Amino acid sequence: MAPPQAPVQPPKRRRIGVLTSGGDAPGMNGVVRAVVRMAIHSDCEAFAVYEGYEGLVNGGDMIRQLHWEDVRGWLSRGGTLIGSARCMTFRERPGRLRAAKNMVLRGIDALVVCGGDGSLTGADVFRSEWPGLLKELVETGELTEEQVKPYQILNIVGLVGSIDNDMSGTDATIGCYSSLTRICDAVDDVFDTAFSHQRGFVIEVMGRHCGWLALMSAISTGADWLFVPEMPPKDGWEDDMCAIITKNRKERGKRRTIVIVAEGAQDRHLNKISSSKIKDILTERLNLDTRVTVLGHTQRGGAACAYDRWLSTLQGVEAVRAVLDMKPEAPSPVITIRENKILRMPLMDAVQHTKTVTKHIQNKEFAEAMALRDSEFKEYHFSYINTSTPDHPKLLLPENKRMRIGIIHVGAPAGGMNQATRAAVAYCLTRGHTPLAIHNGFPGLCRHYDDTPICSVREVAWQESDAWVNEGGSDIGTNRGLPGDDLATTAKSFKKFGFDALFVVGGFEAFTAVSQLRQAREKYPEFKIPMTVLPATISNNVPGTEYSLGSDTCLNTLIDFCDAIRQSASSSRRRVFVIETQGGKSGYIATTAGLSVGAVAVYIPEEGIDIKMLARDIDFLRDNFARDKGANRAGKIILRNECASSTYTTQVVADMIKEEAKGRFESRAAVPGHFQQGGKPSPMDRIRALRMATKCMLHLESYAGKSADEIAADELSASVIGIKGSQVLFSPMGGETGLEATETDWARRRPKTEFWLELQDTVNILSGRASVNNATWSCYENA
């Protein structure tokens with residue numbers, strides 16, 4: 001029998017396959033969409049392998065070419081639309097032999113695999129066997145020499161799609177933050193019934209051998225106790241747990257009790273700690289009415305959150321670039337993220353480290369297992385311990401190291417402000433410091449610092465701050481007032497309350513406030529104290545950081561709004577919605593939201609708007625709708641930052657599109673306004689608030705016992721904590737190389753260099769806008 005016919009010469013365009021394997025995770029559809037569109041943009045062809053490795057083994061109609069329009073609307077869909085399965089056949093060589101044959105027949109010699117460590121290991125084994133598989137296919141007559149000759153090299157690129165976030169070498173896996181969102185939503189809902197009946201709840205979350213979901217949900221919800229596989233409790237944990245819960249309820253007046261347990265939790269002797277066992281202990285020892293809630297597969301479902309949408313998109317784009325960059329001898333890469341930076345690392349290094357963690361746990365080598373988790377995991381665990389056990393005698397500092405720390409919010413409200421304050425208060429109480437909340441910003445301080453019996457500066461009790469764990473906005477009040485309006489009164493109030501340090505949470509106004517205080521130190525020695533800014537603003541425009549608290553909450557709120565608007569646009573078929581985003585003169589929110597919702601175009605202040613740009617976009621829309629005859633999901637979204645242009649307002653842009661459409665399609669304007677500030681903070685803003693606030697407290701604490709002149713001489717005594725690339729660091733505000741002099745665009749209230757600007761190109765590529773012509777989309781270019 002003659003072997004099946006396949007192209008003797010390789011196809012003109014390179015063919016890249018994409019598959020999703022293992023357990024499904026929100027964001028997998030974003031990967032497929034990004035790979036397909038980036039491949040087409042790079043003059044390649046994209047093929048989807050349906051049902052994971054099973055589709056690769058069976059071939060035929062389970063390997064299909066996908067075109068640009070086929071993946072429209074996929075970003076907002078949960079699960080994986082190309083299917084996933086755990087394929088036992090592929091684990092055996094005969095199965096991989098069939099898979100190799102099917103790939104050659106389809107002309108595919110590159111594969112992007114999105115799955116867990118097992119799926120990625122299988123992909124790397126497949127690549128290592130590839131030459132031998134082709135040789136065997138020729139020897140057995142399944143294929144000819146001519147058929148296999150163009151496909152001697154197989155390129156594999158891995159993407160980690162897993163809700164467990166159990167892969168070493170990356171801060172986050174695709175789907176983990178969406179899963180964390182489901183958990184936090186569930187626990188937030190449990191709060192009300194737990195409070196009403198003074199009940200305890202034991203909540204079991206997924207994660208297998210990794211405690212990331214359990215740890216982050218415990219931080220996000222202020223859980224009283226936590227069980228994770230990497231750090232089993234010491235013997236006698238039952239007594240310790242009961243003691244903490246009793247103290248929280250009887251001494252601190254806490255009405256609800258939450259215990260988070262990972263499904264793989266065990267003690268130091270590897271005995272499983274089940275949720276039912278914990279419930280029995282609380283019921284029998286404390287006589288506490290306790291319920292067990294096993295969240296199960298609800299943690300996998302639903303649409304991807306904002307973070308997983310843009311992460312899957314950027315990693316999918318990077319995967320195609322990695323395929324095109326790969327050399328034959330190079331190891332297969334896996335695409336990872338460290339803080340805000342997309343990176344590549346050898347796939348098998350990451351897999352091996354991940355498996356080593358599991359082995360250490362099985363060998364009771366828990367310190368080694370913890371050491372192999374990324375530094376972020378260890379920092380979060382440290383922060384949780386230091387903020388969940390106040391008054392612990394082992395953690396208290398000596399009297400001469402204790403400080404009076406002022407805490408103030410400056411600027412517009414942002415998700416995470418309350419959580420940062422809660423973390424700071426809890427850390428202060430744990431270490432013996434005195435946390436002093438300054439209510440209603442600097443104007444509140446100056447007007448009411450001398451009031452009686454209640455003034456604007458008050459000590460914060462643990463009971464008060466603990467209630468802020470999932471509250472949005474700012475409970476101590478915030479506004480845009482600056483100390484420069486009345487420096488003398490500000491200094492007088494600082495002296496009255498004896499502030500030893502100042503913790504400022506807020507946006508560009510907070511940055512400006514600390515700058516004013518720093519510059520006034522010579523005239524007012526009261527300001528010769530350590531001061532640090534924790535950026536919190538939906539605009540994400542604070543110099544010294546690539547991430548601000550509140551920006552993720554804003555993004556999630558905005559994509560929910562856009563998803564609903566897109567549904568309306570698609571139902572009306574030929575309709576464009578122009579949506580106005582906030583963000584001041586920074587286009588961060590508009591750009592990242594555009595990436596997360598698949599916007600056709602994004603207008604930002606950094607690029608501006610002019611008539612030529614609008615004309616090109618209207619032509620682009622006209623061509624799109626002309627090709628879309630009879631297509632589903634045909635609604636379009638354009639995002640416009642509120643300050644992109646003073647002339648071309650959101651309504652004007654919508655009206656121009658409608659006028660130029662000549663009845664072929666229509667447009668509407670939508671302005672979500674302050675809705676974008678969000679309600680409850682997102683889990684990412686909650687956990688980063690804890691981590692960053694704890695780091696700020698450690699930084700301020702390091703100045704205890706130093707003289708005023710020593711503090712003023714240290715450039716880091718007035719600083720901003722921020723994420724830069726793959727690092728979290730403090731940057732000095734003053735000095736020749738400080739943020740004020742080198743990185744701040746004071747006129748536009750944003751950093752001089754904005755890391756996210758290159759994302760505009762990705763938005764344009766994935767919308768098809770970039771391929772219209774090679775002209776720049778910025779009306780400021782060459783101006």
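Every residue gets a Cβ built from N, Cα and C, even glycine.
Non-local contacts of Asp164 (active site, proton acceptor) by the CB criterion (under 8 A, 6+ apart in sequence, same chain) comprise Gly116, Thr173, Cys176, Met206, Gly207, Arg208, Cys210, Trp212, Leu213. Annotation comment: Swiss-Prot describes Asp164 as active site, proton acceptor.
Swiss-Prot lists Gly23, Arg86, Cys87, Gly116, Asp117, Gly118, Ser119 with the feature ATP binding site. Secondary structure at Ser119 (ATP binding site), taken from DSSP and collapsed to helix, strand or coil, is helix.
Taking Cβ-Cβ distances under 8 Å and a sequence separation of 6 or more, the neighbours of Asp117 (ATP binding site) in its chain are Val160, Ser162, Asp166, Met167, Ala350, Val351, Thr354, Lys355. The Mg(2+) binding site feature in Swiss-Prot is assigned to Asp117.
Counting only same-chain residues at least 6 apart in sequence, those with a Cβ under 8 Å from the Cβ of Gly584 (beta-D-fructose 2,6-bisphosphate binding site) are Phe508, Ser539, Asn541, Glu642, Cys643, Arg749, Arg750. The feature beta-D-fructose 2,6-bisphosphate binding site is assigned by Swiss-Prot to Arg480, 537-541, Arg575, 582-584, Glu642, Arg668, 674-677, Arg749, with sequence analysis given as support.
Under the heading compositional bias 'Pro residues', Swiss-Prot lists 1-10.
Taken from Swiss-Prot, the feature region 'Disordered' applies to 1-20.
The region 'N-terminal catalytic PFK domain 1' annotation in Swiss-Prot covers 1-389.
If you look up Swiss-Prot, you'll see 390-403 marked as region 'Interdomain linker'.
Under the heading region 'C-terminal regulatory PFK domain 2', Swiss-Prot lists 404-783.
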So how many other Cβ atoms are close to Arg575 (beta-D-fructose 2,6-bisphosphate binding site), meaning within 10 Å of its Cβ?
22
When you measure from the Cβ of Gln677 (beta-D-fructose 2,6-bisphosphate binding site), how many other Cβ atoms are you left with inside 10 Å?
19
I'd like the Cβ neighbour count for Ser119 (ATP binding site), meaning other Cβ atoms within 10 Å of its Cβ, all protein chains included.
26
Kindly assign His674 (beta-D-fructose 2,6-bisphosphate binding site) to one of the three DSSP-derived states: helix, strand or coil.
helix
Report, in whole Å, the straight Cα-to-Cα distance of Gly23 (ATP binding site) from His674 (beta-D-fructose 2,6-bisphosphate binding site).
38
Neighbours of Gly23, Arg86, Cys87, Gly116, Asp117, Gly118, Ser119 excl. site residues, C-beta within 8 Å of centre, ATP:
Ser21, Gly22, Gly115, Gly122
Compute the average pLDDT of the predicted model within the region 'N-terminal catalytic PFK domain 1' (1-389).
92
I need the nearest neighbour of Arg480 (beta-D-fructose 2,6-bisphosphate binding site) among the binding-site residues Gly23, Arg86, Gly118, Ser119, using C-alpha distances.
Gly23
What are the sequence-distant neighbours of Gly118 (ATP binding site), meaning same chain, six or more residues apart, C-beta distance under 8 angstroms?
Gly22
